[in-house]
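A.B. asks: Quick paste from TrEMBL:
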type     : residues : note
TRANSMEM : 42-60    : transmembrane segment
TRANSMEM : 131-152  : transmembrane segment
TRANSMEM : 158-179  : transmembrane segment
TRANSMEM : 199-217  : transmembrane segment
TRANSMEM : 229-248  : transmembrane segment
TRANSMEM : 269-291  : transmembrane segment
TRANSMEM : 311-336  : transmembrane segment
TRANSMEM : 452-472  : transmembrane segment
TRANSMEM : 507-528  : transmembrane segment
Amino acid sequence: MGAEQTPPTILGQAKINKHVEKKPCEIKKDYYIPAVLPKWEIAIYFLVWSGHTLASFIIADNASQIYKNRFYHFLTNSSYVNDQLYDTSDTEWILFKEGMRDFLPSMIGHFLLFNFGHQFIPKVLMRWVQIGYWICMHVYLTNLTSVCFILVAAPCAALITSVFRHALPVWVLAVGFVLKANDIAPYVHYSTVIYYRQFNLYLYTAVQVINFCSYLAKNRHIRLVDALPRFIEYLFYPPYSVTLIVLYEDFDRQMTEREFRKREPIGQLAIRLIRLVFWFFFVEAFLHRIFVNAIFVSPSSVISQMGTYSISAVAFLAGQYFHVKYVLIFGLPAFFAHLDNMTPPGPPICISRVSKYAQMWRYFDRGLYEFLKIQVYLPLIGQKFSPWRKLGAMVVAFGFVLAWHGTSSKYLWWVLISATEIVVERVGAAIYSRQVFQDVFLAISPRIRRRLIACALWTTTILGIFSIFFFLGGPGVGAVIIKRVLFDGLTGIFTGDIKWTANGPTAGFVLTHLLIVGYCFSHVCMSLEQADRDKKKKDLLMIEKKDE
């Protein structure tokens, strides 16, 4: 059903392409394909960046050991190594680890039934046997009350859409539910792990309901009774029921095509599994020695006592830890989806290779981005591309992000700074598209152009990075980092206080150093982006040759 319809996003994308083609940009290609620099220069940039990444581990490790008495309540004895401490400050990671004990056996049972059950169960019964197992699995992992609530509430929401043929009433109900889930959703408090699963199940189900109801509203010829079995599958298919967001149309297409699509080679699946195992033990080893998460969630007085270099290293590794953690949280259900011959969203992009932070929104939680783009941003823009409509759509999209993550002040600052960064990128793109700017830019050699772009990327990188510190840190932590590293650093630069004293480097010296590293980082990101584009082009050419 969904696979046969023309997705509105394709039509919207065609309009976007048509709009862009009206004003071709003379140097657009050169902008996205950076000039090739001398190999020795690129090597220096990679060496500087990788060297400072290694140094950040050393500095953060040193800070962890010096200040561990300030957050000792977060540390416990390791279950792996005697006389070694372990950071337990990240509740999400602890619950993820504990939950794997019954999640993994349940998912293995799903894998066996979903992929081999048809050999023993008649096809006419297979769908309902799968649904029965999935519902029982969710009852086992959460509780009967939560599953019954979903089985009643979700079809009722779909019925409302079917009657009114509009998704707005469900949008209002779902967003209100997300905001007040802790107050109005039924919870059974068996344990913290069960509560965590119930909360995630409710939130992700709300998004699934919005996706399905939007699909019904767009395809008015489809009867609810005909789509209901697939909707139930969509709600309870284990790899997508929590953690991964997949549009209903995509799920429907994947379920239809999986029987005919060529399966991923065993070797590739083995590599995916090995990566997950490696990163799991990497995170565990990291939490035994470098306690950056404990520092970040502690009162801001802890990080405010550190030197500027220590603050910078701790902040950088807190972001890296967050990324690797979500490689696993997203990666585990995605791995089982790959085993099912489905196509889940890709892994989160590494923050160490992102200089334009709009890419962080696109490629970190890819499912959430697709949801916001398809269900929020493009419908609000419509066929008009006015700046005000784009700004309004962006505000609404970030408003949903705020509702999704929480409305505390740290999330508010994270969203505000992130939105500002997106606006800065768009203003830069608007300036770039001006013919006067292009005429001047074309007069500059391609290599100088690339170096100027690397400097310009400071603005987006700084805003993106500091917004993340608000997201990850406890109350006041983001504000301390911005003041100590950015504001004090800029003050030092403007007043000429760029020196190394007997008490250590001044803030101006540290920020100047970080800006130089950031310049190298921008070149590294541009090189990696271009390498990705070249690889995609090569893969497409190989596919075309095979088709011939």
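Just so you know, glycine gets a Cβ as well, placed from its N, Cα and C.
What TrEMBL says about a protein is an automatic prediction, not a curated fact.
Burial and contacts for the listed features, if you can.
C.D. replies: Within the chain, the transmembrane segment (42-60) has long-range Cβ neighbours (under 8 A, six or more residues past its boundaries) at 290, 292, 309-310, 312-314, 316-317, 352, 516-517, 520-521, 523-524, 527.
Remote same-chain partners of the transmembrane segment (131-152), defined as residues 6 or more beyond its termini with a Cβ less than 8 Å from a stretch Cβ, comprise 99, 102-103, 106, 109-110, 113, 185-188, 190, 194, 197-198, 201-202, 205, 229, 232-233, 235-238, 241.
Using a Cβ-Cβ cut-off under 8 Å and counting only residues 6 or more beyond its ends in the same chain, the transmembrane segment (229-248) has close neighbours at 1-2, 106-107, 110, 127, 130-131, 134-135, 137-138, 150, 154-155, 158, 197, 200-201, 204-205, 207-208, 211-212, 214-215, 254-255, 329-330, 333-334, 336-337, 340, 342, 344-345, 365, 367-368, 370-371, 374-375.
Away from its own ends, the transmembrane segment (269-291) comes close to residues 57, 60-61, 64, 68, 71, 74-75, 78, 80-81, 84-87, 89-90, 93, 317, 321, 324-325, 327-328, 331-332, 335, 338-339 of its chain (Cβ-Cβ under 8 Å, at least six residues beyond either end).
Here the transmembrane segment (311-336) has long-range neighbours at 53, 55-57, 59-60, 63, 90, 92-93, 96, 100, 103, 107, 110-111, 238-240, 242-244, 269, 272-273, 275-276, 279-280, 282-283, 286, 290, 292-293, 295-296, 303, 344-345, 347-348, 350-352, 364-365, 465, 468-469, 472-473, 480-481, 484-485, 510, 514, meaning same-chain residues at least 6 beyond its ends whose C-beta is under 8 angstroms from one of its own.
Here the transmembrane segment (452-472) has Cβ contacts under 8 Å with residues 31, 34, 296, 315, 318-319, 322, 351, 354-358, 360, 405, 410-411, 413-414, 417-418, 420-421, 424-425, 428, 444, 478-479, 481-482, 486, 515, 518-519, 521-523, 525-526 of the same chain, all six or more residues outside its ends.
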